[in-house]
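What follows is one structure encoded as structure tokens, with my remarks underneath.
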Amino acid sequence: MTPNSMTENRLPAWDKQKPHPDRGQDWKLVGMSEACLHRKSHVERRGALKNEQTSSHLIQATWASSIFHLDPDDVNDQSVSSAQTFQTEEKKCKGYIPSYLDKDELCVVCGDKATGYHYRCITCEGCKGFFRRTIQKSLHPSYSCKYEGKCIIDKVTRNQCQECRFKKCIYVGMATDLVLDDSKRLAKRKLIEENREKRRREELQKSIGHKPEPTDEEWELIKTVTEAHVATNAQGSHWKQKRKFLPEDIGQAPIVNAPEGGQVDLEAFSHFTKIITPAITRVVDFAKKLPMFCELPCEDQIILLKGCCMEIMSLRAAVRYDPDSETLTLNGEMAVTRGQLKNGGLGVVSDAIFDLGMSLSSFNLDDTEVALLQAVLLMSSDRPGLACVERIEKYQDSFLLAFEHYINYRKHHVTHFWPKLLMKVTDLRMIGACHASRFLHMKVECPTELFPPLFLEVFED
């Protein structure tokens, strides 16, 4: 036995040199099965991935024949053996595996289970990390092979020789220029996270932006409510041309001391009571034009009208606020200032109505939106004494849903338009409650003959 043969027998199986095969033969890599080497067509894969994979197989054949000097029979035996060992010892991978990988695709460097496309090659996590660390820390100049660079690299032997493993990474096509240093890697990771967050925001905005618009049934309901409002709204859209300003001297001379420190100008109060009766009548007519309202018992109709009348009249006045003259137009005909309305009997309630008018001026409400607001106020199921509470609540829900869908259809440019508009319902309910309290005091302070009968009928309990 020669010294060389004795030395060779002492080497591990993976470090033994093999006879040089016929260079014209195409040889397989150790550790890769027939199924892996003869994969199905990659037509369904990305074009770039197909080209890279084809290149990788050509490089593998060159590596096997020129570097490893393997015997063809040896290669076949080791391939089958390694594949069987791999299948026996394989553990189920619970990590993320990209969809572009074939089932059980193997690393082109060591034959372990691949986890993705890393640095232009399909590799396992181990070879990806080894290649990255080698480049980032410039370790390859310090690598050396004890066996003249002829080591076989598979998933068992890959940690035995760093030089041969790195050489194989290069030969199969792993790109050194794609490895980033720590600062660039952190910057890339930050950019990826920012892009993910951006996509999340865009998807959220897209889902929020997709808002339903009225159905055919809701359009019919909207049409009915709008027509009811237009038919009972004095002067319609021509109110500015037809309004008359209350003389400035009226409402400036308080005569009666009202509760809570307020003062009442009886002349102004007399003017307001003259227009209050037709204003109440129009609210009643509006309600009677709604089929849902007419289906309710008469007792419930009366309770709903008494509860919402001041709220609807206040809304109709508020949407006719004129910022230029700083006035509200009552019943479509009488323009009054804040002071005149306050001294005319409403006191602090007038401030709430004017403030509402100022805030609504930026909403640019159309007749349909005003009409639907009135319908929501009318169908308030929490009025004391109602019998058909559930039915009224159902009616209000129908109006609210149609209202919201109509707002989506209108596409207002005010931020959070719908919730802000719903808050105005709360403001109007507060105005109604404050007016009820104010009315009780006014009955005591003002002469009874100044109150119109319909006014007393609606606002008295």
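Every residue gets a Cβ built from N, Cα and C, even glycine.
Which of 1-24, 145-168 counts as region 'Disordered' depends on Swiss-Prot, and there it is 1-24. Just one of N331, N408 is listed by Swiss-Prot for the same L-thyroxine site as R282, H435, and that one is N331.
Feature annotation (Swiss-Prot): of 107-127, 170-190, 296-316, the stretch labelled zinc finger is 107-127.
Taking every protein chain shown into account, C110, C124 are the binding-site residues, and of these the Cβ with the most other Cβ atoms within 10 Å belongs to C110. Following the DSSP three-state reduction, the secondary structure of N331 (3,3',5-triiodo-L-thyronine binding site) is coil. The Cα atom of H435 (L-thyroxine binding site) lies nearest to that of C124, taking the binding-site residues C107, C124, C127, C145, C151 as the candidates. Considering only the binding-site residues C145, C151, R282, N331, the residue whose Cα is spatially closest to the Cα of C124 (Zn(2+) 1 binding site) is C151. For the pair formed by C107 (Zn(2+) 1 binding site) and C151 (Zn(2+) 2 binding site), distance between Cα atoms is given as 17 Å, rounded to the nearest Å. Long-range Cβ neighbours of R282 (3,3',5-triiodo-L-thyronine binding site) (same chain, at least 6 residues apart, Cβ-Cβ under 8 Å): T232, N233, A234, N331. Within its own chain, C127 (Zn(2+) 1 binding site) has C107, V109, C110, D112, H118, R158, R165, C169 as residues 6 or more apart in sequence whose C-beta sits under 8 angstroms from its own.
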